[in-house]
Amino acid sequence: ISCAAEYFCGKLRLIFISVRQYGSDVCFCVSVESCDSPLVSALPQSAFTSSSELSNSHGPGFAKLNRRDGAGGWSPLNSNKYQWLEIKLEQRTEITAIATQGRYGSSDWLTRYLLMFSDTGHNWRPYRQEDSIGAFSGNSNADSVVMYKLQQPVIAQYIRILPLHWNPNGRIGLRLEAYGCQYKSDVVSFDGSAHLLFRPDPSVSLADRDVLSMNFKTLLNSGMLVHMEEHSGHSFTLELFRGKLLLQLRKGRGSSADFHPLVSLGSLLDDQHWHHIRVERIRGLVNFTVDKNTQQFQLPESWSHSEINEISFGGTSAAGLQKSHSRRNFHGCLENVLYNDISVIERYLCLSQGNVSFTCTESIDVPVTFASPGSFLALPWVSGGESASVCLQFRTWNRAGLLMTFDLLRQKAVLAVYVKMISLMPVILPDPHACSLSLSTGASLNDGQWHSLELAVRCPDTEGGSGCRNPFSVFQGCMRLIRTDGALVDLIRVQQMLFGNFSDLQMDMCGIVDRSNIKYDISCPVFFSIRCSPSRCEHGGRCSQSWSTFHCNCSATGYSGATCHSSIYEASCEAYKHKGNTSGFYYIDMDGSGPIKPQLIYCNMSDKAWMVIQHNNTELTKLKASSGINQHLAHFNYSADAEQIQAIITQAEYCEQELSYHCKKSRLLNTPDGAPFSWWVGRSGEAHMYWGGAVPGSQQCACGLQENCVHPEHFCNCDADSKEWLNDSGLLSHKEHLPVRALAVGDINRSGSEAAYRVGPLQCYGDNNFWNAAYFNKETSYLHFPTFHGELSADISFLFKTSSSSGVFLENLGIKDFIRIELSSPTQVLFSFDVGNGPLEVKVETASALNDERWHHVRAERNVKEASLYVDHHPSAVQKAPADGHIHLQLNSQLFVGTASRQKGFLGCIRSLKLNGKTLDLEERAEITPGVTPGCPGHCSSYGDLCQNHGSCVEDHSGFTCDCSLSPFTGTFCHKDVSAFFKPGTSVTYTFKEPYKLNRNVSAQSSSIYSDLTLRGENVSLSFRTSQAPALLLYVSSYYREFLAILLNRNGHLDVKYKLQHNRDAEVFRASGRNLANGQLHRVSVQRLGETLNLIETQTQLFLIAESGEVDPEIARLNALGFTGCLSVVQFNSISPLKAALLYPDTSPVIVTGPLSESSCGSSLPTNPYAAETTHSLADHVGTVGTGEPIVNAINSDSALIGGVIAVVIFVSLAALAVMARFLYRRKETFQPQEPKAEKTDDSPETPFNTDPNSQSIISDNQKEYFI
């Protein structure tokens, strides 16, 4: 409110004055007068009317509060829902409160009623509470007074009370009073052809601020309300179009000027009720308000500083209408028009153009509302001739409904007119050929607008008549101007039950609820629809509606639920990791249901879950000396916007970004004392003079901090100004300065100067919110936080683990309202709340107990449509909200985690507690709260199953890690196979050491490779892929001539040849009757279970190419051929020799002969050859956006996965007098490194192998990529 201004609101008079204090203006309110005078008690009896009266002494004129005249109040003849009491005030008045009382000395009173208002005694408007039609609670006896202060004052001359419920042991009985004050009103009326011109005084106009406010009412849905011209030739236009207000800009004058739509607000404003408009411009910022809804937007720069020199109200000239949407002037009334605090109508500062009157006259149209499936209106009608006609207007949101039926008395048929989807459909039953029919139809008839229907039927004379059962959906909507054979139906007589019959109708009002709103985007001259006004669909959800409710389409928004409130994505890579996801691209929603949009981010799942945010130039950029260029500036645009990046950095445990500078005769920071030649700009726009690896404010590089620069007198290597190439590189890790937004490189203009720089991607790991936890060790313990504000929509999510059978997780109380989530039993979570309609409970029952000391996830959501509860992956529970009730959750106490009431408290851990996307810092409060400790260990009980392939879970303070030392796999979850491509000439030998050597000078990695030296049996497994047959896959032998071999014979069949006693012949077990040398991936597992009797210190070897010496002749022959193919995840008992050779060759007892490098040939899925790690879920299927699974960078290929996996399990039990425990070592072949070659050489894996005529073409290292 501006200072030095006077405002009137009936008798409420506010004066604001400006006082100069300490160099600034302070605004004070110095006078206030209340608006609560009684309005009814002084009225004559003639001001009271009613639907009926029980007797003269029960008439409406006796319905005055605390009066005992007559029978002590009003009572109708019949007590039913069609009765009403009406009061006409002296003039239009501001009404602020209503009070009711029962009939004196009786059992007659109302317990529930509706309050209606009108300016004319027709076209009633219900009082709305919380944007819904709200019923008021009445009395509990005949004498007490129940008063309600209206949340929003109402301006009206007529008041009507509609009884809904009354004392079941009595009748309807009522006395009442209304309170308020006089309302000051200046009005002007337009007939659609006139307008007013107003020219502001330029001496008092404010160039940087303009405020226009007014009220309007109309029956027509389109017309120009205001047209404002500027000195520059631009103009503003406020136009009513299809029942919505559209604010537009027009550039230039004349017919060639173009309209630029800014925003549209409101809907169904053609209801002949007053609506308030306010347009406020402060420089380039505009606040546009219609009734209670406000839109804010920024004007283009060219329109930010302008002065209005002429305003046209009610329309403009014919030329100005040509490019408007409505193409017509306004037809209706304006009230209390103020421009910059000047009352335009009162001071007659306008020039009239056409027929303008300063009174508001209204046509009397009586609408009727069909509000429920049981609503109907039956009118007696007998057509006098062979033809009949019916006309009416209707409006609805529903896609289908029966408008009317009537008997064709001269024809054995019934005519039905049915509105279906978007058009009208007439149906004549049972004979459609007997009558001629004329029907005017339309399209998009369920848009909430008024549509006219004209129906004419002509039938020949026939005898009899018939009825027909209604096969159609009922109509819900409004009708008006119903005419039969040209005569207007008097609906007031119908309401008074003097004519026709009806049920469950709302007479003399159109009760359609506006749930549609179309807004304009300033950047796009096309309508985009945001339906449901005010829209309850969040995050861009598209809303459709019917008569009774609305529906949100959340597709492609990234959110779910009845109002698109809850995000379907996780808040960090850490959260995705703990769902078992591997490296890949994921949508990250940092604040859940908050305003920050989800962002596609790469998650690098290693020991840490790194979030990698790329920018437009992460490559090394070279610079050379250029004359006239003193400085090179580089700006970096990131894949996430500033708000998202700030949230990521704030939430992360650690962030870093590489910053490197390579120089040749190009100084960097000009240390030790000079002004820096180069600097970088961080998140807040500040320039920073320190380099990667140094601390903030040091003006140093990493070598200066470590005191190892090339020239000690400088703090950066490049500052030595050397003619040789040097570099300064390091990591920036001060979170408050990241990311690098720009880089300035200065010393590049001298002859011979060369430089190169690189700014790496921003990388962060850890999620402070995900692991934020508190442990409650007493039932009386709780943490308190500020009041939770979730008036219209609220979501609460957290994880818990407990051994207790019940307890309250959290609660927040109000005067009557509350919200609470609790574990009500070991198998039930209960979400309960009250928004004023009585307590509502949502329960989820689980098959297994939840007090198992494992983490369980709970998410509760409440909105205006429903309440839902989710527990882990159990089926959710949903409760619908009441159709007509309170919707605002009003809380005033602190939020308690645990409970401070008489409820049983919670014992256990609560983690990652989020309310409407914001995480509560449980650990910070727990530090200072008795009975609660920060943090909560024990994550392996819940997440240990994520460690695959015999990996073991290791506890961490914030999470867990998978120890893969006893598994042949590697990776975050021991999920990544270790493979190598072998060719002849490559081998690996693994030697087992004696027990007493295990602790001698070996690393943890190598010692973890060693096995238990007491041999109780063999458990051998491997995967292979080859096209060679015959081939030796695995050979285990001892110096006692015992061996076990896995091989492919000449036909590619899998054989297991073994000799477990040196004095017996070798035996062969044929495991497969199919050809496995087919280039596909196969899995083999061999197990031998036996009894260990003693330990003999004999060294034994395990190898894939048999050693020279006395060996089985067949094995020797296969050994001579060598092996070409892929071996993967090779394991002998607890030893993984191939993994040891590839990953820990320096600390493991392995001998590698020939080239050996890791390959992905053993993977069972197609991989992206350009990616460092395959991005797939634990379920091994390609993910899609929106499911919590990663997006794979798809590479088109004609190859497909055609292989399978064969598991061969052999159980060999050997009962012997002595089974020797053997120390084994193993040799394996490897493959050629993955380097593309221009041409094939003799030792290439692609060289044909012709030793055996039955062998197939050998797969190459490149081919293996297609089978992974």
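The backbone N, Cα and C atoms fix where each Cβ goes, glycine too.
Curation does not apply to TrEMBL; its annotations are automatic.
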Going by the disulfide annotation in TrEMBL, which one of C360, C391 is bonded to C333? C360
CB neighbours within 10 A of C360 (disulfide bond), counting all protein chains shown, number 18
Would you count the other C-beta atoms found within 10 angstroms of the C-beta of C333 (disulfide bond) for me? 22
Report, in whole Å, the straight Cα-to-Cα distance of C936 (disulfide bond) from C333 (disulfide bond). 67
Summary of DSSP states over the domain 'Fibrinogen C-terminal' (564-615), given as helix, strand and coil counts: 5 helix, 21 strand, 26 coil
Would you count the other CB atoms within 10 A of the CB of C936 (disulfide bond), including those on all shown protein chains? 23
Measuring Cα to Cα, how many angstrom lie between C936 (disulfide bond) and C360 (disulfide bond)? 71
For the domain 'EGF-like' (937-975), DSSP counts of helix, strand and coil? 7 helix, 11 strand, 21 coil
Compile a sequence-ordered list of residues in the same chain as C909 (disulfide bond), six or more apart from it, whose Cβ lies below 8 A from its Cβ; state 'none' when nothing qualifies. A773, A774, Y775, F776, F800, K801, T802, C936, G938
